[in-house]
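As recorded in Swiss-Prot:
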BINDING   ASN7, GLU384  Mg(2+) binding site
BINDING   LYS14, HIS207, LEU208, GLY209, ASN210, GLY211, ASP282, PHE283, ARG284, GLY331, VAL332, GLY333, GLU334, ASN335  ATP binding site
BINDING   ARG90  substrate binding site
ACT_SITE  ASP147  active site, proton donor/acceptor
SITE      HIS179  site 'Transition state stabilizer'
SITE      ARG240  site 'Transition state stabilizer'
Amino acid sequence: MKILEVNCGSSSLKYQLIDMEDEKVLAKGLVERIGIDGSILTHKVNGEKHVVSEPIKDHRVAVKLVLEALVDKQHGVIKDMSEISAVGHRVVHGGEQYSDAVIIDDKVMESLKDCSKLAPLHNPPNIIGINACKAIMPNTPMVAVFDTAFHHTMPKYAYIYPLPYELYERYGIRKYGFHGTSHRFVSEEAARLMGKDISELKIITCHLGNGASICAVDRGKSIDTNMGFTPLAGLAMGTRCGDIDPAIIPFLTNEIGMSIDEISNIMNNKSGILGMSGISSDFRDVEEIASFKHDRRAQLALDVFYYRVKSFIGSYVAVLDGVDAIVFTAGVGENSSIGRAEICSGLTYLGITIDEEKNNIRGKATEITTANSKTKVFVIPTNEELVIARDTKFLVQKKISHKSK
């Protein structure tokens, strides 16, 4: 069974074709600048790159180009589209309705549109991608896999905000959490590396990238996470502020005369590492300037980031009543050995001892603590695409088995 995994942004489309017999990636690629000048498809097979530069006016054209690349005589990996058994779509927000992946039908599409008000930047492009695939592959099953689904196991006291309860009942204002597919994958991988069943373990997963969140995983289930109603909450991120005093918003409105749109733009696009450093949202740039140029604001931005991560880890140790393992993943979590060392240096009360040599290993799942470390620390490259493909395969096979009965 071959599964096409698709992740649509407002002007981009990432994809992987995975053979589920051995979970091998046959091809992967990225369509950029959809509907914008300079559109480009980068298609990769066995490390070789094939680039198509031509106008791509919308996502339907992008999907068509991807499928043409997959069946191309020179760069393709399948004979025709019938070899694609199903398409798995990443969908950011499933609201309260979806606690698991689901086969997409008309009812599901209506629900996804309803959820768009909760994720106006993310769900609409996801829906556009689904519609584009359905138009070109009308007989191929489509599956939605939700970023929010893993966090459906949070207890109510963890996700309810201390606001009038009617706001939750009428408008769904509550903590939802995001990056769930990533937190799920790396927590399961950590259990595998430890040689233990995940049902025996308490794990804190740190998805640290341009967007960042931390999750408390108790015996395989998310019981708390620090992103909230939107992905703006929690840690300081690349351009997002994370948790701040909500009274700052009316202050900026009343004292400075900023509009809500202006404030939203500042909090989402001009804050975080970029806002504090005044240099870049890219952690690598800020680390380099802090290290080699001794830039104080760059160092301050890093210190705030490290502090917030340590603070949430400490909070989740309390929530879990102990911890067996901490996992770092995503761009910063996987690649910043300095960042991991700084964060873990404040966690000595957990009996963590970092092995400096192991901490410098990149590109593979690795334990970076010494043999006598009481709490294990892992660096695990995330693989959300594989989780989406696995969930898609499971649902399609389940549907086939029901039909055969």
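Placed from the backbone N, Cα and C atoms, the Cβ positions cover glycine too.
Projection of Swiss-Prot feature records onto the structure.
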| residue | record | Cβ neighbours (10 Å) |
| --- | --- | --- |
| ASN7 | Mg(2+) binding site | 22 |
| LYS14 | ATP binding site | 18 |
| ARG90 | substrate binding site | 22 |
| ASP147 | active site, proton donor/acceptor | 25 |
| ARG240 | site 'Transition state stabilizer' | 26 |
| ASP282 | ATP binding site | 16 |
| ARG284 | ATP binding site | 12 |
| VAL332 | ATP binding site | 25 |
| GLU334 | ATP binding site | 23 |
| GLU384 | Mg(2+) binding site | 22 |
Three-state secondary structure, HIS179 (site 'Transition state stabilizer') (per DSSP): coil
Residue pair ASN210 (ATP binding site), the residue listed as 'active site, proton donor/acceptor' - Cα distance, angstrom, rounded: 16
Where does LEU208 (ATP binding site) sit in DSSP terms: helix, strand, or coil? strand
Roughly how many Å separate the Cα of ARG90 (substrate binding site) from that of ASN7 (Mg(2+) binding site), to the nearest whole number? 5
Given the recorded positions HIS179, LEU208, ARG240, ARG284, VAL332, GLU334, which lie within 10 A of GLU384 (Mg(2+) binding site) by CA-CA distance? HIS179
Same-chain residues at least 6 positions away from HIS179 (site 'Transition state stabilizer') with a Cβ under 8 Å from its Cβ, in sequence order, are ASP147, HIS207, GLY211, SER213, CYS215, THR225, MET227, ALA330
Counting across all protein chains present, how many other Cβ atoms fall within 10 Å of the Cβ of LEU208 (ATP binding site)? 25
Just how many other Cβ atoms lie inside 10 Å of the Cβ on ASN210 (ATP binding site)? 17
Cα of ASN7 (Mg(2+) binding site) to Cα of GLU334 (ATP binding site), in Å and rounded, measures 21
